[in-house]
């Protein structure tokens, strides 16, 4: 009974028009804040020479990932909430899966790279400029993107080559890979094993490296006797630790947690966190907790007044 699938139907959150309108307003505000916040961080880093350092170089890449991540599925979700059709073509669905995986996996590696940068800065401050040279920074950024692209393409290709029989209703607000796999009319064990293996490589392994880096950082902090030294170190690492806890915690719970027959609601909420909440919070966390970013913002405001 195998048929050729040309489009999918995204069920979204609710069919209640009033609720859809409320969600549209809320998600529009979050999406606008995501675009403006991350674009502002990107512009500040590019314009202020004091932010031309490895830490802000990686933060700039994180802002690009967050903008692309949110723009991959949120505009289509907003269109659906307005009642302008819930269908998406097979090619469009495949593109969403592909880009979603690329940006998610890239951010996993990028956050680990940022923790290594903080480790070198705090534990080996005298050798920081020598170790974190621009050649290494460019290599680490390229590796983050390359790993995300290769493994994201591999997973998306295997998922999209499965036969789909219908009904083609994706119980999600975008083409998330786990939701689409449920519609395949063949055994998807190999795909799920690959997803679990990728989660181990891109979630557990980087998280272990991050924890090791911060254990060394903690040992170094405990040797600092001055209160200003403590404050400076915590302000430098606190923002990154906050982002790491939010990102990895939700990803592990979503992709490696126990699954049940009624887990679609949980998956939607967690996916919404990745698509809107986390990209919106990242620039806010970094700007409010980072003195140099706040100074760069005030400098830009003074320049506009003049």
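Glycine is treated like the rest: Cβ placed from N, Cα and C.
Now, the feature entries from TrEMBL:
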type: TRANSMEM; residues: 18-47; note: transmembrane segment
type: DOMAIN; residues: 37-286; note: domain 'G-protein coupled receptors family 1 profile'
type: TRANSMEM; residues: 54-72; note: transmembrane segment
type: TRANSMEM; residues: 97-116; note: transmembrane segment
type: TRANSMEM; residues: 136-154; note: transmembrane segment
type: TRANSMEM; residues: 193-222; note: transmembrane segment
type: TRANSMEM; residues: 234-257; note: transmembrane segment
type: TRANSMEM; residues: 269-288; note: transmembrane segment
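Between the transmembrane segment (193-222) and the stretches 18-47, 54-72, 97-116, 136-154, 269-288, the greatest number of Cβ pairs separated by less than 8 Å involves 97-116. Within the chain carrying the transmembrane segment (54-72), a Cβ under 8 angstroms from the stretch's Cβ atoms is held by residues 31, 34-35, 38-39, 41-42, 45-46, 96, 99-100, 103-104, 106-107, 110-111, 113-114, 117-118, 121, 132, 134, 137, 140-141, 144-145, 174, 274-276, 278-280, 282-283, 286, 292, all 6 or more beyond its ends. The list of residues near the transmembrane segment (97-116) in space but at least 6 beyond its ends in sequence, with Cβ under 8 angstroms from a Cβ of it, reads 55, 58-59, 61-62, 65-66, 68-69, 72-73, 140-141, 143-145, 147-149, 151-153, 155-156, 159-160, 174-177, 180, 198, 202-203, 206-207, 209-210, 213-214, 240, 243-244, 247-248, 251, 274.
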